[in-house]
Amino acid sequence: MKPAARTQAAIELLDAIIAAAREGGAAADTLIARYFSTRRYAGSKDRRAVRELVYAAIRQCGEVPASGRAAMLLLAQDDAELAARFDGSAHGPAPVPAGEEPAAAGVVPAWLERKLAESGLDAATWPALVDRAPLDVRLRRDVAASTLQEVVPEAVPIAGLVHGWRLPAGTDVAPLAGAAEVQDAGSQAVSLAAAVRPGMTVVDLCAGAGGKTLALGDAMEGQGRIVACDVDRARLSRLAPRAEKANLHIVETRLLDPNREAAALADLNGAADVVFVDAPCSGTGTWRRNPEARWRLTPARLDRLVATQAHVLGVAAPLVRPGGTLVYVVCSLLDAEGKDQVARFLADHPGWQASAPAMPMGTKHGDGVRLTPAHDHSDGFFVACLSAPC
Ligand SMILES: C[S@@+](CC[C@H](N)C(=O)[O-])C[C@H]1O[C@@H](n2cnc3c(N)ncnc32)[C@H](O)[C@@H]1O
(Lines of atoms letter the chains of each structure in order from A and count residues from 1; the text may use other names and numbers.)
(Lines give C-alpha, C1' and ligand atoms only; values in the text may rest on other atoms or scores of the structure.)
Protein backbone atom coordinates (compact mmCIF):
# COMPACT_ATOMS: atom_id res chain seq x y z
CA MET A 1 0.00 0.00 0.00
CA LYS A 2 1.22 3.50 -0.79
CA PRO A 3 1.40 6.00 2.10
CA ALA A 4 -1.73 7.81 0.82
CA ALA A 5 -3.67 4.52 0.71
CA ARG A 6 -2.56 3.70 4.26
CA THR A 7 -3.83 7.11 5.35
CA GLN A 8 -7.22 6.53 3.67
CA ALA A 9 -7.44 3.09 5.34
CA ALA A 10 -6.77 4.74 8.72
CA ILE A 11 -9.52 7.30 8.02
CA GLU A 12 -12.02 4.54 7.20
CA LEU A 13 -11.09 2.67 10.35
CA LEU A 14 -11.43 5.81 12.45
CA ASP A 15 -14.94 6.30 11.01
CA ALA A 16 -15.82 2.77 12.13
CA ILE A 17 -14.27 3.35 15.59
CA ILE A 18 -16.15 6.64 16.02
CA ALA A 19 -19.46 4.97 15.05
CA ALA A 20 -18.78 2.07 17.43
CA ALA A 21 -17.98 4.50 20.26
CA ARG A 22 -21.30 6.28 19.70
CA GLU A 23 -23.36 3.08 19.37
CA GLY A 24 -21.61 0.82 21.89
CA GLY A 25 -20.03 -1.32 19.15
CA ALA A 26 -16.76 -3.25 19.13
CA ALA A 27 -13.44 -1.95 20.48
CA ALA A 28 -10.84 -0.37 18.17
CA ASP A 29 -8.54 -3.40 18.28
CA THR A 30 -11.37 -5.70 17.17
CA LEU A 31 -12.40 -3.35 14.37
CA ILE A 32 -8.81 -3.11 13.12
CA ALA A 33 -8.45 -6.92 13.13
CA ARG A 34 -11.76 -7.28 11.25
CA TYR A 35 -10.79 -4.64 8.70
CA PHE A 36 -7.59 -6.41 7.75
CA SER A 37 -9.12 -9.89 7.76
CA THR A 38 -10.93 -8.91 4.55
CA ARG A 39 -7.98 -7.02 3.01
CA ARG A 40 -5.34 -9.65 2.38
CA TYR A 41 -3.39 -7.31 0.09
CA ALA A 42 -2.25 -5.37 3.19
CA GLY A 43 1.12 -6.69 4.40
CA SER A 44 2.41 -6.58 7.97
CA LYS A 45 4.17 -3.23 7.42
CA ASP A 46 0.92 -1.75 6.03
CA ARG A 47 -1.05 -3.04 9.01
CA ARG A 48 1.44 -1.65 11.48
CA ALA A 49 1.55 1.74 9.76
CA VAL A 50 -2.23 2.02 9.56
CA ARG A 51 -2.65 0.95 13.17
CA GLU A 52 -0.13 3.53 14.34
CA LEU A 53 -1.91 6.27 12.41
CA VAL A 54 -5.27 5.24 13.87
CA TYR A 55 -4.05 5.25 17.46
CA ALA A 56 -2.06 8.46 17.06
CA ALA A 57 -5.22 10.17 15.77
CA ILE A 58 -7.37 8.77 18.60
CA ARG A 59 -4.86 9.94 21.22
CA GLN A 60 -5.01 13.52 19.92
CA CYS A 61 -8.81 13.90 20.23
CA GLY A 62 -10.28 14.31 23.71
CA GLU A 63 -13.84 14.61 22.40
CA VAL A 64 -15.30 12.26 19.79
CA PRO A 65 -14.21 13.79 16.45
CA ALA A 66 -16.82 14.51 13.76
CA SER A 67 -15.14 12.06 11.37
CA GLY A 68 -12.04 9.99 10.80
CA ARG A 69 -10.91 12.50 8.23
CA ALA A 70 -11.19 15.38 10.73
CA ALA A 71 -9.12 13.37 13.23
CA MET A 72 -6.48 12.61 10.58
CA LEU A 73 -6.36 16.28 9.52
CA LEU A 74 -5.62 17.19 13.14
CA LEU A 75 -2.70 14.77 13.13
CA ALA A 76 -1.53 16.20 9.80
CA GLN A 77 -1.36 19.72 11.25
CA ASP A 78 2.05 18.95 12.76
CA ASP A 79 3.19 16.51 10.09
CA ALA A 80 3.89 17.93 6.63
CA GLU A 81 4.53 14.50 5.13
CA LEU A 82 1.13 13.26 6.32
CA ALA A 83 -0.58 16.47 5.11
CA ALA A 84 0.92 15.94 1.63
CA ARG A 85 -0.88 12.58 1.36
CA PHE A 86 -4.22 14.39 1.01
CA ASP A 87 -3.50 14.67 -2.71
CA GLY A 88 -6.46 12.94 -4.35
CA SER A 89 -4.27 10.10 -5.70
CA ALA A 90 -5.81 6.66 -6.29
CA HIS A 91 -6.95 5.06 -2.98
CA GLY A 92 -5.73 8.13 -1.06
CA PRO A 93 -7.67 10.88 0.76
CA ALA A 94 -9.21 13.70 -1.29
CA PRO A 95 -7.44 17.09 -1.25
CA VAL A 96 -8.40 19.47 1.55
CA PRO A 97 -10.75 22.23 0.35
CA ALA A 98 -10.41 25.74 1.81
CA GLY A 99 -12.25 25.98 5.11
CA GLU A 100 -12.26 22.24 5.98
CA GLU A 101 -11.70 22.09 9.73
CA PRO A 102 -9.64 19.47 11.58
CA ALA A 103 -10.99 17.95 14.80
CA ALA A 104 -10.28 19.83 18.03
CA ALA A 105 -7.15 18.73 19.90
CA GLY A 106 -7.63 17.54 23.47
CA VAL A 107 -6.84 14.87 26.03
CA VAL A 108 -10.06 14.27 27.95
CA PRO A 109 -13.77 14.91 27.18
CA ALA A 110 -14.89 18.13 28.92
CA TRP A 111 -17.31 16.43 31.36
CA LEU A 112 -14.55 14.07 32.48
CA GLU A 113 -12.03 16.89 32.92
CA ARG A 114 -14.19 18.12 35.79
CA LYS A 115 -14.49 14.62 37.30
CA LEU A 116 -10.73 14.03 37.10
CA ALA A 117 -10.02 17.41 38.69
CA GLU A 118 -12.56 16.67 41.46
CA SER A 119 -10.75 13.35 41.99
CA GLY A 120 -7.54 15.25 42.73
CA LEU A 121 -5.78 14.68 39.41
CA ASP A 122 -3.85 17.68 38.22
CA ALA A 123 -4.34 18.62 34.54
CA ALA A 124 -0.57 18.33 34.02
CA THR A 125 -0.92 14.56 34.59
CA TRP A 126 -3.75 13.99 32.08
CA PRO A 127 -1.59 13.56 28.94
CA ALA A 128 0.04 10.52 30.60
CA LEU A 129 -3.41 8.89 30.68
CA VAL A 130 -3.31 8.48 26.90
CA ASP A 131 0.42 7.90 26.41
CA ARG A 132 1.54 4.65 24.82
CA ALA A 133 1.68 1.91 27.44
CA PRO A 134 4.92 -0.05 27.92
CA LEU A 135 5.07 -3.83 27.50
CA ASP A 136 5.23 -5.41 30.96
CA VAL A 137 5.32 -9.08 31.89
CA ARG A 138 5.05 -11.03 35.13
CA LEU A 139 7.54 -13.86 35.28
CA ARG A 140 6.29 -17.01 37.01
CA ARG A 141 7.93 -17.22 40.43
CA ASP A 142 9.51 -20.63 39.68
CA VAL A 143 11.08 -19.40 36.44
CA ALA A 144 14.60 -17.97 36.72
CA ALA A 145 15.15 -14.39 35.53
CA SER A 146 17.95 -15.71 33.33
CA THR A 147 15.36 -17.65 31.29
CA LEU A 148 13.68 -14.37 30.40
CA GLN A 149 16.97 -12.56 29.85
CA GLU A 150 18.14 -15.23 27.42
CA VAL A 151 15.05 -14.64 25.27
CA VAL A 152 14.86 -10.85 25.80
CA PRO A 153 18.29 -9.53 26.87
CA GLU A 154 16.93 -5.95 26.94
CA ALA A 155 14.30 -6.80 29.61
CA VAL A 156 14.52 -4.42 32.60
CA PRO A 157 13.23 -5.27 36.11
CA ILE A 158 10.33 -3.09 37.32
CA ALA A 159 11.14 -1.37 40.62
CA GLY A 160 9.17 -2.88 43.52
CA LEU A 161 7.93 -5.90 41.59
CA VAL A 162 10.07 -8.98 42.21
CA HIS A 163 8.63 -10.77 39.19
CA GLY A 164 7.82 -7.74 37.01
CA TRP A 165 9.83 -6.93 33.88
CA ARG A 166 9.50 -4.23 31.23
CA LEU A 167 10.25 -5.30 27.67
CA PRO A 168 11.04 -3.19 24.61
CA ALA A 169 7.92 -2.22 22.65
CA GLY A 170 7.02 -4.79 20.02
CA THR A 171 8.89 -7.70 21.66
CA ASP A 172 7.54 -11.06 20.47
CA VAL A 173 6.31 -12.64 23.71
CA ALA A 174 5.26 -15.97 22.13
CA PRO A 175 8.53 -17.71 23.16
CA LEU A 176 7.71 -16.82 26.81
CA ALA A 177 4.33 -18.64 26.82
CA GLY A 178 3.83 -20.43 30.15
CA ALA A 179 6.89 -18.77 31.71
CA ALA A 180 5.59 -15.20 31.72
CA GLU A 181 2.24 -13.43 31.40
CA VAL A 182 1.83 -10.07 29.73
CA GLN A 183 0.54 -7.94 32.60
CA ASP A 184 0.81 -4.23 33.31
CA ALA A 185 2.91 -3.26 36.35
CA GLY A 186 -0.17 -1.78 38.04
CA SER A 187 -2.15 -5.00 37.60
CA GLN A 188 0.73 -6.92 39.13
CA ALA A 189 0.96 -4.48 42.04
CA VAL A 190 -2.75 -4.57 42.93
CA SER A 191 -2.68 -8.38 42.84
CA LEU A 192 -0.12 -8.19 45.66
CA ALA A 193 -2.28 -5.84 47.76
CA ALA A 194 -3.89 -8.61 49.83
CA ALA A 195 -0.57 -10.35 50.51
CA VAL A 196 -2.16 -13.76 49.79
CA ARG A 197 -0.21 -16.74 51.12
CA PRO A 198 0.04 -20.47 50.30
CA GLY A 199 -2.87 -22.46 51.72
CA MET A 200 -5.39 -19.62 51.75
CA THR A 201 -8.93 -19.81 50.40
CA VAL A 202 -9.38 -16.94 47.95
CA VAL A 203 -12.45 -15.90 46.00
CA ASP A 204 -11.66 -13.87 42.89
CA LEU A 205 -15.17 -12.54 42.40
CA CYS A 206 -14.75 -10.67 39.10
CA ALA A 207 -12.08 -12.88 37.59
CA GLY A 208 -12.76 -12.27 33.90
CA ALA A 209 -10.20 -14.19 31.85
CA GLY A 210 -8.02 -14.51 34.94
CA GLY A 211 -5.15 -12.05 34.55
CA LYS A 212 -5.09 -11.34 38.29
CA THR A 213 -6.22 -14.88 39.24
CA LEU A 214 -2.95 -16.18 37.81
CA ALA A 215 -0.96 -13.57 39.73
CA LEU A 216 -2.80 -14.49 42.97
CA GLY A 217 -2.19 -18.21 42.34
CA ASP A 218 1.49 -17.59 41.69
CA ALA A 219 1.79 -15.59 44.92
CA MET A 220 0.11 -18.56 46.71
CA GLU A 221 2.85 -20.78 45.24
CA GLY A 222 0.14 -22.99 43.78
CA GLN A 223 -1.12 -24.07 47.24
CA GLY A 224 -4.61 -23.43 48.61
CA ARG A 225 -7.83 -22.76 46.75
CA ILE A 226 -8.96 -20.03 44.39
CA VAL A 227 -12.61 -19.85 43.35
CA ALA A 228 -12.63 -17.64 40.25
CA CYS A 229 -16.07 -16.26 39.38
CA ASP A 230 -17.57 -14.06 36.73
CA VAL A 231 -20.93 -13.44 35.07
CA ASP A 232 -19.36 -13.44 31.60
CA ARG A 233 -19.19 -16.99 30.26
CA ALA A 234 -16.88 -16.18 27.34
CA ARG A 235 -14.31 -14.39 29.48
CA LEU A 236 -14.36 -16.98 32.26
CA SER A 237 -13.96 -19.82 29.77
CA ARG A 238 -10.52 -18.47 28.83
CA LEU A 239 -9.28 -18.79 32.42
CA ALA A 240 -8.88 -22.57 32.81
CA PRO A 241 -6.61 -23.02 29.74
CA ARG A 242 -4.46 -20.11 30.93
CA ALA A 243 -4.15 -21.63 34.41
CA GLU A 244 -3.24 -24.96 32.84
CA LYS A 245 -0.52 -23.33 30.74
CA ALA A 246 0.81 -21.57 33.85
CA ASN A 247 0.92 -24.93 35.69
CA LEU A 248 -1.55 -23.61 38.28
CA HIS A 249 -3.85 -26.31 39.63
CA ILE A 250 -5.69 -24.61 42.51
CA VAL A 251 -8.21 -22.62 40.47
CA GLU A 252 -11.84 -23.63 40.06
CA THR A 253 -14.15 -21.46 37.99
CA ARG A 254 -17.74 -20.62 38.82
CA LEU A 255 -20.06 -18.89 36.37
CA LEU A 256 -22.47 -16.58 38.19
CA ASP A 257 -25.95 -15.48 37.26
CA PRO A 258 -26.16 -11.67 37.65
CA ASN A 259 -28.28 -10.72 40.68
CA ARG A 260 -28.36 -14.34 41.87
CA GLU A 261 -24.71 -14.56 42.87
CA ALA A 262 -25.35 -15.06 46.60
CA ALA A 263 -27.13 -18.40 46.11
CA ALA A 264 -24.33 -19.71 43.88
CA LEU A 265 -21.74 -18.71 46.50
CA ALA A 266 -23.61 -19.81 49.63
CA ASP A 267 -21.12 -22.62 50.35
CA LEU A 268 -18.37 -19.98 50.68
CA ASN A 269 -20.17 -17.76 53.18
CA GLY A 270 -17.69 -16.63 55.84
CA ALA A 271 -15.08 -19.02 54.42
CA ALA A 272 -12.71 -16.89 52.35
CA ASP A 273 -9.46 -15.54 53.75
CA VAL A 274 -9.44 -13.06 50.91
CA VAL A 275 -12.18 -11.97 48.52
CA PHE A 276 -10.65 -10.11 45.60
CA VAL A 277 -13.06 -7.77 43.81
CA ASP A 278 -11.60 -6.42 40.57
CA ALA A 279 -14.83 -4.60 39.83
CA PRO A 280 -16.19 -3.57 36.44
CA CYS A 281 -15.34 0.10 35.99
CA SER A 282 -14.96 2.99 33.58
CA GLY A 283 -11.37 1.98 32.77
CA THR A 284 -10.17 5.60 32.99
CA GLY A 285 -6.84 4.16 34.21
CA THR A 286 -6.39 2.07 31.06
CA TRP A 287 -6.90 4.69 28.36
CA ARG A 288 -3.24 4.15 27.40
CA ARG A 289 -4.33 0.80 25.94
CA ASN A 290 -7.85 1.75 24.80
CA PRO A 291 -7.73 5.50 24.17
CA GLU A 292 -11.08 5.40 22.37
CA ALA A 293 -12.69 4.20 25.64
CA ARG A 294 -12.82 7.86 26.73
CA TRP A 295 -15.24 8.49 23.84
CA ARG A 296 -17.50 5.67 25.03
CA LEU A 297 -17.98 6.71 28.61
CA THR A 298 -21.10 8.76 29.42
CA PRO A 299 -22.41 10.10 32.75
CA ALA A 300 -25.23 7.52 32.61
CA ARG A 301 -22.79 4.65 31.99
CA LEU A 302 -20.62 5.85 34.85
CA ASP A 303 -23.66 5.87 37.17
CA ARG A 304 -24.50 2.30 36.14
CA LEU A 305 -20.93 1.17 36.82
CA VAL A 306 -20.94 2.78 40.26
CA ALA A 307 -24.18 0.92 41.06
CA THR A 308 -22.68 -2.40 39.84
CA GLN A 309 -19.57 -1.85 41.97
CA ALA A 310 -21.73 -1.31 45.07
CA HIS A 311 -23.63 -4.49 44.13
CA VAL A 312 -20.51 -6.68 43.79
CA LEU A 313 -19.13 -5.30 47.05
CA GLY A 314 -22.42 -6.37 48.67
CA VAL A 315 -22.02 -9.86 47.18
CA ALA A 316 -18.40 -10.07 48.35
CA ALA A 317 -18.74 -9.00 51.99
CA PRO A 318 -20.56 -12.08 53.38
CA LEU A 319 -17.96 -14.41 51.84
CA VAL A 320 -15.09 -12.99 53.92
CA ARG A 321 -14.29 -14.94 57.10
CA PRO A 322 -14.15 -12.95 60.35
CA GLY A 323 -10.86 -11.02 60.28
CA GLY A 324 -10.40 -11.80 56.58
CA THR A 325 -9.84 -9.25 53.84
CA LEU A 326 -11.91 -7.86 51.01
CA VAL A 327 -9.65 -6.31 48.37
CA TYR A 328 -11.46 -3.77 46.21
CA VAL A 329 -9.79 -2.79 42.93
CA VAL A 330 -10.83 -0.59 40.02
CA CYS A 331 -8.72 0.45 37.04
CA SER A 332 -10.30 3.87 37.34
CA LEU A 333 -9.04 7.18 38.68
CA LEU A 334 -12.47 8.60 39.40
CA ASP A 335 -13.29 8.94 43.10
CA ALA A 336 -16.90 7.93 42.45
CA GLU A 337 -15.61 4.44 41.64
CA GLY A 338 -12.74 4.30 44.12
CA LYS A 339 -12.35 6.44 47.21
CA ASP A 340 -16.06 7.34 47.54
CA GLN A 341 -17.24 3.80 46.82
CA VAL A 342 -15.08 2.47 49.65
CA ALA A 343 -16.12 5.26 52.04
CA ARG A 344 -19.76 4.33 51.37
CA PHE A 345 -19.04 0.63 51.95
CA LEU A 346 -17.40 1.38 55.30
CA ALA A 347 -20.27 3.63 56.34
CA ASP A 348 -22.80 0.89 55.46
CA HIS A 349 -20.85 -1.99 57.06
CA PRO A 350 -20.21 -1.33 60.75
CA GLY A 351 -17.16 -3.13 62.15
CA TRP A 352 -15.29 -3.23 58.84
CA GLN A 353 -12.02 -1.32 58.73
CA ALA A 354 -9.66 -0.20 56.01
CA SER A 355 -6.13 -1.55 56.33
CA ALA A 356 -3.04 -0.52 54.36
CA PRO A 357 -2.67 -2.48 51.10
CA ALA A 358 0.71 -4.24 50.72
CA MET A 359 1.59 -2.17 47.69
CA PRO A 360 5.07 -1.68 46.26
CA MET A 361 4.01 1.53 44.48
CA GLY A 362 1.29 4.18 44.48
CA THR A 363 0.11 7.01 46.71
CA LYS A 364 -2.31 6.93 49.61
CA HIS A 365 -5.72 8.17 48.52
CA GLY A 366 -8.70 8.12 50.92
CA ASP A 367 -8.88 4.67 52.50
CA GLY A 368 -6.80 3.09 49.75
CA VAL A 369 -3.88 3.55 47.40
CA ARG A 370 -3.92 5.04 43.93
CA LEU A 371 -1.59 4.31 41.02
CA THR A 372 -1.41 6.76 38.15
CA PRO A 373 0.38 6.59 34.79
CA ALA A 374 2.11 9.93 35.52
CA HIS A 375 3.37 8.96 38.98
CA ASP A 376 3.80 5.19 38.78
CA HIS A 377 4.35 4.58 35.05
CA SER A 378 1.65 1.94 35.23
CA ASP A 379 -2.03 1.84 34.33
CA GLY A 380 -4.19 3.79 36.77
CA PHE A 381 -5.78 1.91 39.68
CA PHE A 382 -7.44 2.45 43.03
CA VAL A 383 -7.11 -0.38 45.56
CA ALA A 384 -8.35 -0.72 49.12
CA CYS A 385 -8.08 -3.55 51.65
CA LEU A 386 -11.08 -3.87 53.94
CA SER A 387 -10.88 -6.09 57.03
CA ALA A 388 -13.99 -7.92 58.22
CA PRO A 389 -14.86 -7.68 61.90
CA CYS A 390 -13.64 -10.64 64.02
C1 LIG B 1 -12.21 -5.41 35.48
S2 LIG B 1 -12.94 -6.82 34.83
C3 LIG B 1 -12.03 -8.11 35.59
C4 LIG B 1 -10.66 -8.31 35.03
C5 LIG B 1 -9.95 -9.53 35.60
N6 LIG B 1 -9.96 -9.58 37.03
C7 LIG B 1 -8.50 -9.60 35.12
O8 LIG B 1 -7.58 -9.42 35.89
O9 LIG B 1 -8.33 -9.83 33.92
C10 LIG B 1 -14.46 -6.90 35.70
C11 LIG B 1 -15.20 -8.20 35.53
O12 LIG B 1 -16.36 -8.16 36.38
C13 LIG B 1 -17.33 -8.98 35.80
N14 LIG B 1 -18.62 -8.74 36.47
C15 LIG B 1 -19.55 -7.83 36.22
N16 LIG B 1 -20.60 -7.96 37.06
C17 LIG B 1 -20.31 -9.00 37.87
C18 LIG B 1 -21.00 -9.65 38.94
N19 LIG B 1 -22.20 -9.23 39.33
N20 LIG B 1 -20.41 -10.68 39.55
C21 LIG B 1 -19.19 -11.10 39.16
N22 LIG B 1 -18.49 -10.54 38.12
C23 LIG B 1 -19.05 -9.50 37.50
C24 LIG B 1 -17.25 -8.61 34.34
O25 LIG B 1 -17.82 -9.61 33.53
C26 LIG B 1 -15.75 -8.46 34.14
O27 LIG B 1 -15.17 -9.64 33.63
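Residue positions begin at 1 at the first shown residue.
Just so it is clear, glycine is given a Cβ too, placed from its N, Cα and C backbone atoms.
The domain 'SAM-dependent MTase RsmB/NOP-type' feature in TrEMBL is assigned to 109-389.
Spatially close to D257 (S-adenosyl-L-methionine binding site) yet at least six residues away along the chain are V231, A264, judged by Cβ distances under 8 angstroms. Summarising the annotation, TrEMBL assigns S-adenosyl-L-methionine binding site to D230, D257, D278.
The feature active site, nucleophile is assigned by TrEMBL to C331. Under the DSSP three-state reduction, C331 (active site, nucleophile) is assigned to coil, being neither helix nor strand. Counting every protein chain shown, the number of other Cβ atoms lying within 10 Å of the Cβ of C331 (active site, nucleophile) is 27.
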10 Å Cβ neighbour count around D278 (S-adenosyl-L-methionine binding site)?
25
Over the span of the domain 'SAM-dependent MTase RsmB/NOP-type' (109-389), how high is the average pLDDT in this prediction?
97
Of D230, D257, D278, binding-site residues neighbouring ligand 1, Cβ under 6 A
D230, D278
I'm trying to understand the geometry here, so how far is the Cα atom of C331 (active site, nucleophile) from the Cα atom of D230 (S-adenosyl-L-methionine binding site), in Å to the nearest whole number?
17
